[in-house]
Amino acid sequence: MAPLSCHRRGHIRSMTRKIQKSRRPGWLARARGEIRRAAADLDWIARIPAYIWLRLALLPALLWGWSALAGLAPAGFVAGPYLTIRAFFLLLMDDRQDFPLAIWSTVSVYFGGLGLAALVGIPLGYLLGRFRTLGRTSAPYLHGLAATPVVALIPLIILLVGLDCQAKVLIVFLAAVMPVTINTQAGVQATDPDLLEMARAYALTRGARLRHVYAPSALPSVMAGLRLAAMAGLVASAIADLYTAMTGLGALLQGFGNSYRMDSYFAVVLTYSAIGALTTGFLTWAERRLIPPAHRQRLTY
């Protein structure tokens with residue numbers, strides 16, 4: 001076969017380029033590709049649970065209801081969202097730093113009492129659930145102590161401990177320890193008997209049974225008890241601030257209320273709500289990390 005001339009070779013190359021260009025996707029195909037890439041980039045939005053969107057949608061409704069209540073109430077009785085948030089930042093930027101110091105005082109008392117309640121309540125609940133006779137014997141006394149209002153014990157606590165920070169921590173501890181103890185006891189008692197029989201058949205030690213049988217069974221109830229204790233302890237910390245040494249957020253709450261500074265008053269209330277929400281949110285996050293979904297137990301709040 002005769003070799004191709006330079007002219008024919010150039011013509012073939014030109015035709016090949018035209019064919020390749022004609023096979024390239026047009027503007028519609030390019031647009032479809034861009035849409036697919038954009039949808040892939042936004043795929044994380046579709047993975048967000050529906051309740052998160054409902055929470056975000058509920059927030060404007062709550063703010064609107066708050067504003068409406070502030071408008072309907074007599075002047076100076078209820079501060080609206082704008083005035084409350086403005087007062088919050090003004091308190092934070094105050095040169096005297098009373099508000100940050102009060103937050104630190106309340107948070108240290110709150111988490112000190114809550115941590116002590118967990119350290120005492122979880123082992124105590126395990127012992128009461130593990131040894132049924134001990135649990136049945138102490139049940140009336142535990143339930144009676146759990147039903148006793150903490151505020152009724154404050155005069156006795158002041159007489160025994162004084163008005164210092166230790167008294168506040170003890171008040172928070174007494175309010176938080178019973179939910180942890182009772183829920184831990186219930187979780188241990190609800191352990192599957194078949195699992196216990198299997199553990200005995202394999203001659204597991206007490207430590208192995210605690211780690212592999214009792215702990216996974218009781219952990220959902222323990223986390224539920226900690227969430228209940230977190231809410232009860234926060235209420236107790238506010239009561240402790242009001243009835244003992246006038247420090248912390250409770251002291252600011254009473255001072256702003258007595259002077260009718262309602263914007264600052266609601267800023268302190270909002271701070272209490274934020275502390276409680278962050279604490280229970282952290283406990284819920286820890287529950288998701290520690291407990292398998294099949295054994296997870298959520299409360300309705």
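In case you wondered, yes, glycine gets a Cβ from its N, Cα and C as well.
Here is what TrEMBL records for this protein:
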- 44-66: transmembrane segment (TRANSMEM)
- 72-92: transmembrane segment (TRANSMEM)
- 101-129: transmembrane segment (TRANSMEM)
- 103-287: domain 'ABC transmembrane type-1' (DOMAIN)
- 141-162: transmembrane segment (TRANSMEM)
- 169-188: transmembrane segment (TRANSMEM)
- 228-253: transmembrane segment (TRANSMEM)
- 265-286: transmembrane segment (TRANSMEM)
Surrounding residues of the transmembrane segment (228-253) on its own chain - C-beta under 8 Å, 6+ positions past either end: 98-99, 102-103, 105-106, 109-110, 113-114, 117-118, 121, 150-151, 154, 158, 163-165, 167-168, 171-172, 174-177, 179-180, 183, 264-265, 268-269, 271-272, 275-276, 279-280, 283, 299
Of 101-129, 141-162, 169-188, whichever stretch has the most CB pairs under 8 A to the transmembrane segment (265-286): 101-129
Long-range environment of the transmembrane segment (141-162) - Cβ separation under 8 angstroms, sequence gap at least 6: 128, 170-171, 174-175, 178-179, 181-182, 236, 239-240, 243-244
